[in-house]
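Some features that Swiss-Prot has for this protein:
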{"type": "SITE", "residues": "12", "note": "site 'Important for substrate specificity'"}
{"type": "ACT_SITE", "residues": "69", "note": "active site, proton acceptor"}
{"type": "SITE", "residues": "70", "note": "site 'Important for substrate specificity'"}
{"type": "SITE", "residues": "154", "note": "site 'Important for substrate specificity'"}
């Protein structure tokens, strides 16, 4: 069986990958995540997912390396991690009553053969009309300062939404497991067979 490495320091991505019950290591890649001038969301997250996987290929030369990246698009603009409470409140205020699209790029690199699989999975979140006090209360309670879109859907953030639309709800948390399981099976790793 191939050894697997998750190219991420995200505890959320690690928790998602653990759902597949396959042993893996994780290591944070060191890459420049700056968007290119004029780059759109879907190509950007796919490029960064591939770059994260490729960044670990030399360190893990006989592994399947998983890279992932995510961003959210609000009003046609890429919205990054808020980093401060004020920015999180501003993002959620802009999002209330609107649809926000998340793009998650996924890459699986076989570092021994060089075979690369990559895709981008969209996921749409429809926000309820929110009151200012709800937004401020949510940000204070959950502190989603490291989360694209300023929320955690796996926690209290679910109360912000009217609807969720997408193929795989894991995509919204940062790792599309349906697509990843398909990629792993193509590399001979089936989570249902040991």
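Positions of Cβ are set from backbone N, Cα and C atoms, glycine also.
Because the structure is a prediction, the values reported are computed rather than measured.
Secondary structure at residue 12 (site 'Important for substrate specificity'), as computed by DSSP, is helix. Sorted by the number of other CB atoms within 10 A, the recorded positions 12, 69, 70, 154 start with 154, the lowest.
Comparing C-alpha positions, residue 12 (site 'Important for substrate specificity') sits nearest to 154 among the recorded positions 69, 70, 154. The secondary structure of residue 154 (site 'Important for substrate specificity'), as reduced to three states from DSSP, is coil rather than helix or strand.
For the pair residue 154 (site 'Important for substrate specificity') and residue 70 (site 'Important for substrate specificity'), the C-alpha distance works out to 16 angstrom.
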